[in-house]
Amino acid sequence: MYLGWIDYGVLILLLIFSGGIGIYHGCVRSKQTSTKEFLIADGQMRVLPTAMSLLASLTSAASLLGVPVEIYYYGTMFVYCIISWFFATYLTMKFFIPKFHSIGSISVYAYLEQRFSLTMRIMVTCSFILVTILYMSVILYGPSLALSQVTGLNLWVAVGLCGVVCTIYTSIGGMKAVIWTDVIQASIMFLGLISTIIFGLIDAGGISKCFVTFDPSIRYTIWSVLIGSTFSSTANYACIQTQAQRYMCVKDTKSAQKVAWINYVMNVIMQMLCLCVGCLLYAKYSQCDPLRAKMISRPDQMYPLFVIETLGRFPGLTGLFIACILSATLSTFSSGVNSIATVILEDIYKRLSTKLEISNRQQVILSKVLSVVVGCLTVFMAFIVSYMKSSIATIILQIFGAFVAPILGVYLLGLLSSRVKSRSAIVAFFLCLIFQIFVLLGSIFTEKPPNKQGGRLPTSTAGCVPFANVTISTITKPNPSYHILMPLFSISPLWFIFNGTILTIVLAMIFTFILDSKDPKIINPSLLVSRDEIFSCFSSRKENIKRTETQKDGTTIEQEAML
């Protein structure tokens with residue numbers, strides 16, 4: 001199926017708005033004379049657009065294409081993530097955001113230098129850069145696949161188009177352009193999902209035929225969702241510059257906390273819409289699985305196929321769906337490019353080139369050049385991602401879990417333990433990262449036996465009436481040989497971050513007695529989370545304000561000592 005002129009009109013309007021906002025904020029409204037203005041919008045953004053930008057950066061094509069497929073294959077146990085997101089938002093709001101604002105740096109990894117060392121800060125920054133480039137390459141490939149499936153457009157033309165457009169408006173407009181385009185793109189995401197659900201229900205014949213009760217699966221158990229997702233969401237909200245940078249775009253801690261809670265509410269709504277789409281997929285395809293029937297080649301093509309068969313007869317709706325997926329890509333891609341440029345400039349260049357002074361104008365130019373380089377590198381990495389056979393959501397969980405778990409572990413050690421010093425934290429981080437990458441590669445390249453497929457829901461091809469004349473192969477592949485590491489490589493992706501975080505903490509505690517016993521460094525109390533803060537869930541507002549101001553004063557003294 002090919003798009004009509006109305007569908008193309010919707011897509012062209014989206015691209016024009018995105019590029020126009022970048023040009024407006026980069027060339028008309030603002031001269032961008034400082035890196036603070038270019039990278040965090042001068043810290044003067046309003047709460048609601050910043051919250052919508054945070055939502056858009058979190059909701060990638062991996063969510064819009066991957067989550068419905070996860071629901072289709074593994075059931076609605078995913079809905080319990082709502083509880084884990086609440087805990088993650090609370091932890092971020094309570095412990096992380098106040099520390100970030102008290103330090104006042106554009107990069108959230110400045111905390112790690114003050115708490116541990118410059119080496120720790122740079123190691124975490126490099127890990128973040130690597131995982132973000134891999135992550136962006138996946139979310140760039142996903143919607144391009146959808147575009148190719150629906151329109152017949154060459155896949156790599158679509159990849160290049162998405163990457164080039166996003167790189168241009170991000171490098172020109174900076175964070176203000178990113179946030180305001182995110183607002184438009186988040187609105188389009190909601191509109192696209194709602195349209196799919198409405199017309200999908202009409203096609204299915206009503207609500208009662210779609211929302212059935214699914215059995216809990218191995219992949220999504222109550223424990224893997226509540227525990228595993230709490231750790232992964234906390235890492236995503238608090239320890240990743242892409243998201244945490246949004247908290248620095250507003251004027252104070254209270255505003256940043258509002259951003260976190262508004263994002264939580266909108267994220268719940270967004271993911272519930274994805275869940276509804278997944279139920280529609282199961283209602284339509286459970287008796288004619290398109291992947292088993294060879295109608296599609298990858299699980300992530302199922303949602304676009306559903307759109308073709310359900311929305312295709314309504315002019316403009318297919319274009320709206322593509323705009324929805326494209327919006328998810330552009331928002332996440334632009335946020336990632338901006339955040340990588342930020343950490344390279346703030347955490348690496350400025351900290352390692354302390355004797356080389358450049359003007360604010362030169363720093364802005366350098367940030368824009370870095371944005372272009374990162375954008376081009378991500379487009380190249382998308383070619384490599386295309387050879388991965390797992391679904392987009394699974395790839396994201398695995399990559400994210402492998403690289404981010406040690407980062408979350410280091411942050412928790414820094415906040416909660418005054419005993420752990422730099423050397424033990426560095427060793428624990430490095431060893432955990434190696435182990436996580438080993439598990440990641442094993443889970444990707446090891447073929448799982450049938451009993452290790454994660455508890456998929458039953459599907460068949462018995463209902464494929466239109467394809468009755470098509471011979472579907474019934475030849476079964478021989479079961480892959482079992483080896484001793486198969487249980488390790490078959491772990492649900494939701495447990496990746498939990499396991500890695502605990503491993504980092506345990507290793508650091510062990511090496512503390514070996515490496516840090518004679519370390520004379522005195523930890524600034526303002527960098528730690530005190531017992532009073534942990535148990536002060538219902539403390540008065542005045543006490544919280546007084547504590548925050550005390551921490552800010554202590555941090556200022558620490559920064560002056562560093563300089």
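In case you wondered, yes, glycine gets a Cβ from its N, Cα and C as well.
All TrEMBL annotations are machine predictions without curation.
Among the features that TrEMBL reports, transmembrane segment is placed at 6-26 (among others). Proximity of distant same-chain residues to the transmembrane segment (6-26), defined by a Cβ-Cβ separation under 8 Å and at least 6 residues beyond the stretch ends, is recorded for 32, 165-166, 168-170, 172-174, 176-177, 180-181, 184-185, 188, 315-316, 318-320, 322-323, 326-327, 330.
For 47-65 (among others), the entry in TrEMBL reads transmembrane segment. Within the chain carrying the transmembrane segment (47-65), a Cβ under 8 angstroms from the stretch's Cβ atoms is held by residues 135, 138-139, 142-143, 145-146, 178-180, 182-183, 185-187, 189, 192-193, 236, 242-243, 246, 249-250, 255, 258-260, 262-263, 266-267, 270-271, 274, 300, 303-304, 324-325, 327-329, 331-332, 335-336, 392-393, 395-396, all 6 or more beyond its ends.
Per TrEMBL, the feature transmembrane segment maps to 71-97 (among others).
Per TrEMBL, the feature transmembrane segment maps to 118-141 (among others). Sequence-distant contacts of the transmembrane segment (118-141), counting only residues of its own chain at least 6 positions beyond either end whose CB sits under 8 Å from a CB of the stretch, comprise 60-62, 107, 109-110, 112, 159, 162-163, 240-242, 328-329, 332-333, 336-337, 339-340, 343-344, 347-348, 351-352, 374, 377-379, 381-382, 384-386, 392, 395-396, 399-400, 402-404, 406-407, 410, 422, 425-426, 429-430, 433.
Under the heading transmembrane segment, TrEMBL lists 153-172 (among others).
Note on the transmembrane segment (179-202): residues 14, 17-18, 21-22, 25, 41, 45, 49-50, 52-53, 55-57, 59, 64, 169, 173, 210, 246, 249, 266, 269-270, 273-274, 276-277, 280, 284, 306-307, 310-311, 314, 317, 320-321, 323-325, 327-328, 330-331, 334-335 of its chain, located 6 or more positions outside it, place their CB under 8 angstroms from a CB of the stretch. Summarising the annotation, TrEMBL assigns transmembrane segment to 179-202 (among others).
Residues 58, 77-78, 80-81, 83-85, 87-89, 91-92, 95-97, 108, 128, 132, 216, 260, 339, 397, 400-401, 404-405, 407-408, 411, 492, 494-498, 501 of the same chain lie 6 or more positions beyond the ends of the transmembrane segment (222-240) yet place their CB under 8 Å from a CB of it. The feature transmembrane segment is assigned by TrEMBL to 222-240 (among others).
Taken from TrEMBL, the feature transmembrane segment covers 320-345 (among others).
Only residues 6 or more beyond the boundaries of the transmembrane segment (365-385), in the same chain, are considered here, and those with a CB under 8 A from a CB of the stretch are 35, 38-39, 133-134, 136-138, 140-141, 144, 156, 159-160, 163-164, 166-167, 170-172, 174, 333, 336-338, 340-342, 344-345, 349, 358, 395. Residues or ranges marked as transmembrane segment in TrEMBL: 365-385 (among others).
Residues or ranges marked as transmembrane segment by TrEMBL: 391-413 (among others). Packing against the transmembrane segment (391-413) from elsewhere in the chain are residues 60-63, 65-67, 69-70, 96, 111-112, 116, 120, 124, 127-128, 130-131, 134-135, 138-139, 141-142, 231-232, 234-236, 238-240, 298-300, 385, 420, 425, 428-429, 432-433, 436-437, 439-440, 443-444, 493-505, 508: each is 6 or more residues past its ends and has a CB under 8 Å from a CB in it.
As annotated by TrEMBL, transmembrane segment applies to 425-445 (among others).
With a threshold of 8 Å between CB atoms, the same-chain residues lying at least 6 positions outside the transmembrane segment (494-515) that come near it are 219-220, 224-225, 227-229, 231-232, 235, 397-398, 400-402, 404-406, 408-410, 412-413, 417, 419-421, 423-425, 427-429, 431-432, 435-436, 439-440. The transmembrane segment annotation in TrEMBL covers 494-515 (among others).
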* **Contact set, same chain, for the transmembrane segment (425-445): CB under 8 Å, 6 or more residues outside the stretch** => 116-117, 119-120, 123-124, 127, 388, 390, 398-399, 401-403, 405-407, 409-410, 413-414, 485, 488-491, 493, 496, 500, 503-505, 507-508, 511, 515
* For the transmembrane segment (320-345), sequence-distant contacts whose Cβ falls under 8 Å of one of its Cβ atoms, 6 or more beyond its ends -> 3, 7, 10-11, 14, 18, 35, 39-40, 53, 56-61, 63-65, 106-107, 109, 125, 128-129, 132-133, 135-136, 139-140, 142-144, 146-147, 150-151, 162-163, 165-167, 169-171, 174-175, 177-178, 181-182, 184-186, 188-189, 191-193, 195-196, 240-243, 245, 304, 307, 311, 363, 366-368, 370-371, 374-375, 378
